[in-house]
Amino acid sequence: IATVDCSDYPQPVCMGDYMPLCGSDSKTYSNKCNFCNAVVDSNGTLTLNHFGKC
């Protein structure tokens, strides 16, 4: 199972890096920062499906 450490999030500003991750909501997040901010917003209900685009 793929996991991402989001313990340092949320971050107020995400860089523009493009390293896509696919969330359990079937949305593609452009990078770890955007994904982790969404995880925090979801109170931990959002998880990582896999690395790469959905």
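Each residue's number is its place along the chain shown, starting with 1.
Glycine residues also receive a Cβ, built from the backbone N, Cα and C atoms like all the rest.
Annotated domain 'Kazal-like' per Swiss-Prot: 4-54, in sequence order.
Per Swiss-Prot, disulfide bond is recorded for C6-C36 (among others). Listed in sequence order, V4, C6, D8, Y9, P10, Q11 are the same-chain residues at least 6 apart in sequence whose CB falls under 8 Å from the CB of C36 (disulfide bond).
Its own atom aside, the Cβ of C14 (disulfide bond) has 17 Cβ atoms within 10 angstroms in the protein chains shown. Annotated disulfide bond per Swiss-Prot: C14-C33 (among others), in sequence order.
Annotation comment: Swiss-Prot describes C22-C54 (among others) as disulfide bond. All protein chains included, C54 (disulfide bond) registers 13 other Cβ atoms within 10 Å of its own Cβ. In the three-state DSSP scheme, C54 (disulfide bond) is classed as coil.
The N-linked glycosylation site annotation in Swiss-Prot covers N43. Counting every protein chain shown, the Cβ of N43 (N-linked glycosylation site) has 7 other Cβ atoms within 10 Å. A coil conformation is recorded for N43 (N-linked glycosylation site) in the three-state DSSP classification, outside any helix or strand.
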Neighbour count (Cβ, 10 Å) for C33 (disulfide bond):
20
Of the recorded positions listed as C22, N43, C54, the one whose CA lies nearest the CA of C33 (disulfide bond):
C22
Roughly how many Å separate the Cα of N43 (N-linked glycosylation site) from that of C14 (disulfide bond), to the nearest whole number?
19
My understanding is the cutoff is Cβ-Cβ under 8 Å with a sequence separation of 6 or more in the same chain; which residues meet that for C22 (disulfide bond)?
T28, Y29, L48, N49, H50, F51, G52, K53, C54
In three-state terms from DSSP, label C33 (disulfide bond) for me.
helix
